[in-house]
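Undergrad: First the structure, then my questions, so here it is.
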Amino acid sequence: MNGGIDLQGSFIDTLKDLGLPPGVAKVIWMPLPMILMIIGATVGVLVVVWLERKISAAAQQRIGPEYAGPLGVLQPVADGLKLVFKEDVVPAKADPWLFTLGPVLVVLPVFVSYLIVPFGQNLVITDLNVGIFLWISLSSIAPIGLLMSGYASNNKYSLLGGLRAAAQSISYEIPLALSVLAIAMMSNSLSTIDIVDQQSGYGILGWNIWRQPVGFLIFWIAALAECERLPFDLPEAEEEIVAGYQTEYAGMKFGLFYVGSYVNLVLSALVFAVLYLGGWEFPVPLDSLAGWLGVSPDSAWLQVITASLGITMMLLKAYFLIFIAVLLRWTVPRVRIDQLLDLGWKFLLPVSLVNLLLTAALKLAFPVAFGG
């Protein structure tokens, strides 16, 4: 297997060749992955917002954004600037500390979760042995922020919206975790790198989506509910309880909720690609293709091509899933709160438990195919 390109080693060696001490070179490298991660996630959100507006406009036979830049590509930037310069209003009877902390608790864990998303063999900020467990743990913090925002607003509609959001997130967190546990059982690891490696070698035929068809459906439904996407956007739907926990928010605090929702959608799509679609792996194994062409897997230019294709494949898979999520917005009607909770507790939870037990049985019966 191609070991991948070592960006950290190449960067530090380049700085050492320029005369910098090794310690200084490492200090310069340390913040760069985090900065790239924040910039990449922000740009990804801007692209998703623009795509959703254009796709939604096409579904309604409209033009969509077209004046802010060519084809309206700068419309999300204009929206962000508008929110930045709006007045930040705090209700007179609200708790100012909790009111401010709520949006931060919603957004910050999502950005931190990008630490474990791999775009290649060595293209990951932190390859933890419990990477997927860390993602699930961080996603469990968001309901606290939502409930805090609803409570701190001192508004009955905000409080009810916050309670609904917390109940929805908790209801779908358990089926999500159980579907991920089935993947971890097959991969014998919670590391995102190991999960992708377990799917490599056979191209598209080795992806987990074929061995976990029920698990991938559970994961995708639960991920949409976690991101509060239609048809699961009850906590913030205008037709429901005013605007939910966001009712009293304005300016950049409201913008944090807006950004957090889309950043979480992109993150969920990337994690889905890692768990079920082979991550950065190409549908045809590149190592086998290089062997057929007589190219050495250790050649530098092949490593660069492999890394570039890996990043491209991850983004293509993620944005295809986001495209599906946007289409669902204009296809599936919004469910009622009782239907939403029944789906999570009475259907997805027992099905995810059965799927986990079935995966364990298949692993014992067919260890080669199911990672015994």
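Backbone N, Cα and C atoms are what each Cβ position is placed from, and that goes for glycine too.
Pulled the feature table from Swiss-Prot, pasting it below:
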TRANSMEM  31-51  transmembrane segment
TRANSMEM  97-117  transmembrane segment
TRANSMEM  130-150  transmembrane segment
TRANSMEM  176-196  transmembrane segment
TRANSMEM  204-224  transmembrane segment
TRANSMEM  254-274  transmembrane segment
TRANSMEM  308-328  transmembrane segment
TRANSMEM  347-367  transmembrane segment
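What's the neighbourhood like for each of these?
TA: Within the same chain, residues 11, 65, 72-73, 75-77, 79-80, 111, 114-115, 125, 259, 262-263, 265-267, 319, 322-323, 326 sit at least 6 positions outside the transmembrane segment (31-51) and bring their C-beta atoms closer than 8 Å to a C-beta of that stretch.
Long-range Cβ contacts of the transmembrane segment (97-117) within its own chain (Cβ-Cβ under 8 Å, at least 6 residues beyond either end) map to 37-38, 40-41, 90-91, 124-128, 131-132, 134-135, 138-139, 141-142, 144-146, 148-153, 192, 245, 248-249, 253-254, 256-257, 259-260, 263-264, 267, 270-271, 274.
For the transmembrane segment (204-224), the residues of the chain that approach it from at least six positions outside its boundaries are 172-173, 175-176, 178-180, 182-183, 186, 195, 198, 232, 268, 271-272, 275-278, 281, 283-284, 321, 325, 328, 343-344, 348, 351-352, 355, 359, 369-370, judged by C-beta separation under 8 angstroms.
Through the fold, the transmembrane segment (254-274) approaches residues 41-42, 44-45, 48-49, 80, 83-84, 103-104, 106-107, 110-111, 113-114, 117-118, 132, 135, 139, 142, 149, 192, 195-196, 216, 219-220, 223-224, 226-229, 236, 246, 314, 317-319, 321-322, 325 of its own chain, all at least 6 residues removed from its boundaries and within a Cβ separation under 8 Å.
Tertiary neighbourhood of the transmembrane segment (308-328): same-chain residues 4, 47-48, 51-52, 55-56, 59, 119-121, 123, 220, 224, 227, 229-231, 265-266, 269-270, 272-274, 277-282, 286, selected by CB-CB distance under 8 Å and a gap of 6+ residues from either end.
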